[in-house]
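Features as listed in TrEMBL:
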{"type": "DOMAIN", "residues": "A:279-445", "note": "domain 'Helicase ATP-binding'"}
{"type": "BINDING", "residues": "A:507, A:510, A:547, A:550", "note": "Zn(2+) 1 binding site"}
{"type": "BINDING", "residues": "A:516, A:519, A:534, A:537", "note": "Zn(2+) 2 binding site"}
{"type": "DOMAIN", "residues": "A:542-699", "note": "domain 'Helicase C-terminal'"}
DNA sequence: AGCACGCCGACT
DNA sequence: GTCGGCGTGCTC
């Protein structure tokens, strides 16, 4: 039998399968989807079997060296999905397959010299091998390049052998368990009157006192103070039995989970869950957009939908943005479905992720809660996929394979004939537009549960505050409300929107921000050249010294941070206990959770933070939410700026008044008249949607057009300009009349790691050949020997132009 | 991607 | 003469 294998080499020239013979001893054992080790040229590489076939036309086939998995790690569905993924994201097959599996399964390679004929080794070299029969090449290359040459020559002469090793990044965790081999023998030993062997007796006593069974050796040793050798001695005496067993690392060890029962649904919820249950019942694929205001009880709908999927013996995937994958979130699922839940997120170690993943493969769990890549959970009987906060941009992976979890989810939904639920209070424009068109089914939750009112939002214009002599970063009203909350013993959340800082120019008097006349995008301030530039079309102008709008001199670029806010808060409200959450205070593992728990337990009055406190948090005692600098993001050079601002303000406001106490939100900013701020304060998604859709239509952005993006990078600016120019010409001759070609222009991030970046953008509605053209362009420059080191990445559906 | 092979200039 | 630089092409 022959196996078609993709090998672990992410390169265009080997982006295909290679045929290998399956040796007789592995016959009937090898299956598609298993990882194997195969010879590839002089090396050994890891690869995936994609297909098993009878024969092959290839001459001089080699044998598979080893099969790495007892079970396929890629199901036939995932093999097919990977092919689709690679082809639609312009990635290599191997890259797509590796993205579906936990990092632990990716191979690492090592090359080493081994001694073949020890007698022929002379001394300086011989001593190198005295400790070990082998030397890793990676250990010598940096230190002594000359030695490498010598060893290579010895290898040529046949004195040394070159071996290639393939390893895994992480392995199954094995733990030693101890049990009594003979209880009687143990008791006898304890009875012995000698003063000797006290540690041995202590160890045995511990085991005798416990109910008979196996215990982790380490636990027993720490308990009794005995050492490994003690245990080993007892094994030799035949009193103890030690066995190594494979265990799962448990990232949730010792955590208490509050069990929860299904809550009665409100009438609103009943209506919203209907289409989902209907799709589950009839086993048909349907994408349902669950548009529900913050606090409207979307999670309960998720939970009950999952329950009905589990009742049918099927499985569920829940995607949550990385940032809101908090213990609070996880507990809601673990509380309802207990040990049937696996969790996959970046906070886990490589090994922990591997273990959680294996629980899925072995069908030990039927619910997965995780970030983006959890969409590849190897379930074989998938009954539902839920994507919470579906508008989040983090669902799009920004390096290869550049997939959007939403697209993958829908692919799997079609494959399994099951519903895909997209939940959000502020759906992405693309999603809502599709729901309007009828491609997705729309389910709306317009009211909060228990008829809690939406929080009242007050917008404060900081320009007015400045005119009235308030130069602090807190408006008078926010100060007053913070004080009142403090007196009443209620909690407040202060949200500082840090994205978009320091890159734009703002007039402190009138709120003027420089915009590009051609693109309706704010200009980016380039400190180095002292000029303002548009990252979309390349337009530029000088930095004004006075505001072009009101002639004020208070025009400058803008910036502040959470630390500064904390300091100022300490000055004006010294009695307030503040917890600050940002990248600095949450970098340590578990600190995120600790801070939130502290806040939940009322150990602080004010929670101050950035993006990471905007989503999903639910604290009953929070009555006030303050948003500092609500409008900074509006000035990012991003056509989604308004949408993101609206989403963020809506999310943050949603943290207030979710329970008995009524909530209040104060939003501070400069450009407070902007529709995304005004409409967010009125909780009016629909008007925002209509308004924003008009703007997108006018400027030819998604969802009216798809964005194709080709990014070129090279250390030499001239090469990038030249290559991107050629590509643009190539495309311009082929694009249909409905498509628009923009650029080439410098990327918003013009240089990364000493490489200049240029991009060509295509706005298109229907361009079935675009993928092929991108491939051709990439292949063309790959072959061109005059331009080495030119990197090109193509994205057929870019979410951002950065 | 890595590795070998092969073809040229610089030094023992 | 040989060592070692990099350009070229292949990997079932």
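Glycine is treated like the rest: Cβ placed from N, Cα and C.
In TrEMBL, annotation is done automatically, which means it is predicted and not curated.
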Is residue A:510 (Zn(2+) 1 binding site) helix, strand or coil when read with DSSP?
coil
Counting Cβ atoms within 10 Å across all protein chains shown, which of the binding-site residues A:507, A:510, A:547 comes out on top?
A:507
Just how many other Cβ atoms lie inside 10 Å of the Cβ on residue A:550 (Zn(2+) 1 binding site)?
13
Compared by Cα position, which of the binding-site residues A:507, A:510, A:550 is the closest one to residue A:516 (Zn(2+) 2 binding site)?
A:507
For residue A:516 (Zn(2+) 2 binding site), just count the other CB atoms lying within 10 A of its CB, please.
21
I'm checking region-level scores; what's the whole-number mean pLDDT for the domain 'Helicase C-terminal' (A:542-699)?
84
Per DSSP, residue A:516 (Zn(2+) 2 binding site) is which: helix, strand or coil?
coil
Assigned element (helix, strand, coil) containing residue A:547 (Zn(2+) 1 binding site), judged by DSSP:
coil
